[in-house]
Amino acid sequence: MSAEATLSEAVPPTSTPTEAASAAASSPAPSAMQRASTANAGTLQAGAAASGLSVDPRTSIALLVLVNILVLGGGPFILTLATAAFVAVLYLLCGRWRGALKFSVFILVCATVFLVLPRLVANPVTALVAVAAYWFTRFGVSCGYAAFFIATTGPAQIAAALVTLRFPRSVVVPLIVVIRFIPTVGQELRAINDAMLLRGIRPGALGAIMHPIRSSEFILVPLLAASSRIADDLSASSMLRGLGTHRHPTTIEALTFGTGDIFVCICSLLLIALRIFGGGIIL
Amino acid sequence: MTSQQDNTSRLTLGTRDLVNIGVFTAIYYFVTFLGGMMGIISPIGMFAGFTLSTIIGGTVIMLFMAKTHVMGAMTILGLIIGILMLATGHFWGTVPLCAGLGFVADLIVRAGHYRSRGHNIAAYGLFQLWLIGPFAPLFINTTAYYEDMRGSMGATYANQMSQIFTPWVVAAFIVILCFVGLLGAWIGTKLIDRHFAKAGMVS
């Protein structure tokens with residue numbers, strides 16, 4: 001039994017509703033749970049049969065680091081634009097038209113503002129706007145690829161990649177717990193919100209602004225109490241399924257190096273070459 | 001099955017510790033990410049958001065330290081926070097920075113034998129320095145960025161901009177955040193006394 005299969009399966013539903021949830025509204029919690037699990041299954045299928053290009057999760061992780069280093073390191077601006085073009089092509093090859101459109105428009109607008117605006121109207125205000133646009137372009141490219149990475153790589157694939165790459169157990173297990181638990185945090189917060197509404201305490205944005213310390217206490221304490229309990233249940237159920245053993249887990253995700261990976265590698269090498277030899281190019 | 005931990009600190013991380021690390025990392029990351037999201041409104045909103053998330057995160061980390069008396073817990077928490085920041089498109093240097101500060105926090109907590117409040121509070125305040133990581137690209141490689149600016153807007157404006165965009169404002173803010181972190185951690189210990197110690201959720 002593999003660690004990632006153990007944890008990506010739902011925990012026994014008895015452990016999820018909190019005190020607040022059961023007091024206030026027990027029905028939204030299971031439905032949210034079901035939604036989360038179907039969404040999870042959806043990403044798993046999307047990962048297995050990505051329309052068009054399929055990239056090994058290990059390649060995706062390596063590319064995540066590479067894009068970050070290329071874009072947020074000291075490379076010239078043209079390297080950022082070249083990386084942006086590569087990320088846009090990846091979006092298109094995976095059939096994510098809307099993502100490709102949003103990403104390209106954002107980067108094009110920011111880059112144009114940076115490159116053209118100070119040349120048209122030269123004054124301190126446009127210079128300031130241009131600097132902001134410059135940083136939006138750089139961070140936009142790294143965040144754009146990160147969004148693509150999260151959208152195309154499911155939790156099971158990430159786990160399989162990390163296990164195959166021989167990451168230590170003490171890193172993989174908490175990381176999988178985090179990925180599994182972040183939706184639960186949102187779910188618990190919604191349940192606490194409902195419970196507070198029932199008791200006539202106004203949470204929401206207005207209440208949080210009026211009484212920041214009080215409302216954060218009212219939200220945080222039940223959240224932490226519920227989470228500690230869920231952590232206990234989660235560790236018990238995962239230990240029962242063999243997480244405590246020190247064997248190297250196997251994985252049900254088939255990891256293969258295919259044409260998609262070759263494409264990504266060639267493009268990455270071109271970008272690295274641009275980083276090394278294109279230092280003098282200034283737009 | 002109780003949430004009572006054994007009173008002696010151990011040297012190895014058990015499965016329960018690993019799950020605990022995961023759960024508290026998720027909450028801490030959620031809180032920090034919400035704080036950072038306020039930056040979408042304006043940079044000032046981001047400063048306010050990080051201040052608030054530092055205070056709230058204090059309670060999360062204090063409870064985490066009270067529940068997990070193991071060397072390496074903060075290191076792994078930091079490492080995973082760094083990995084999550086990388087996976088959401090932040091600067092890669094955040095990963096080693098977070099893991100390093102987590103290790104330092106671990107050493108401080110251990111020096112207090114996992115029981116000393118002062119040590120735990122100091123460890124959290126220091127750990128909050130990691131928030132400088134996502135801003136680090138503004139600090140390093142400034143010459144390369146200056147070249148880009150000069151290409152676009154000419155030397156005079158590029159000079160002006162490099163004077164306005166001094167990263168020391170950000171650096172000073174992060175140092176202030178450290179002290180806010182101390183305050184947040186202190187509030188955290190009070191909250192734990194009031195709500196969790198009484199209920200027997202921490203030893």
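Each residue, glycine too, has its Cβ placed from N, Cα and C.
Per TrEMBL, compositional bias 'Low complexity' is recorded for A:8-24.
TrEMBL lists A:1-24 with the feature region 'Disordered'.
Summarising the annotation, TrEMBL assigns transmembrane segment to A:61-93 (among others).
Residues 77, 81, 84, 87-88, 91-92, 127, 129-131, 133-134, 136-137, 140-141, 144, 147-148, 283 of the same chain, all 6+ positions outside the transmembrane segment (A:100-121), place their C-beta atoms under 8 angstroms from a C-beta of that stretch. Under the heading transmembrane segment, TrEMBL lists A:100-121 (among others).
The transmembrane segment annotation in TrEMBL covers A:127-151 (among others).
Sequence-distant contacts of the transmembrane segment (A:254-277) (same chain, six or more residues past either end, CB-CB distance under 8 Å): 53-59, 63, 66, 70, 73, 75, 78-79, 82-83, 86, 89-90, 93, 160-161, 164. The feature transmembrane segment is assigned by TrEMBL to A:254-277 (among others).
Sequence-remote contacts of a segment are chain residues at least 6 beyond its ends whose Cβ falls under 8 Å from one of its Cβ atoms, and for the transmembrane segment (A:61-93) they are 52-53, 55, 99-100, 103-104, 107, 111, 114, 134, 137-142, 144-146, 148-149, 153, 158, 161, 260, 263-264, 267-268, 271-272, 274-275, 278-283.
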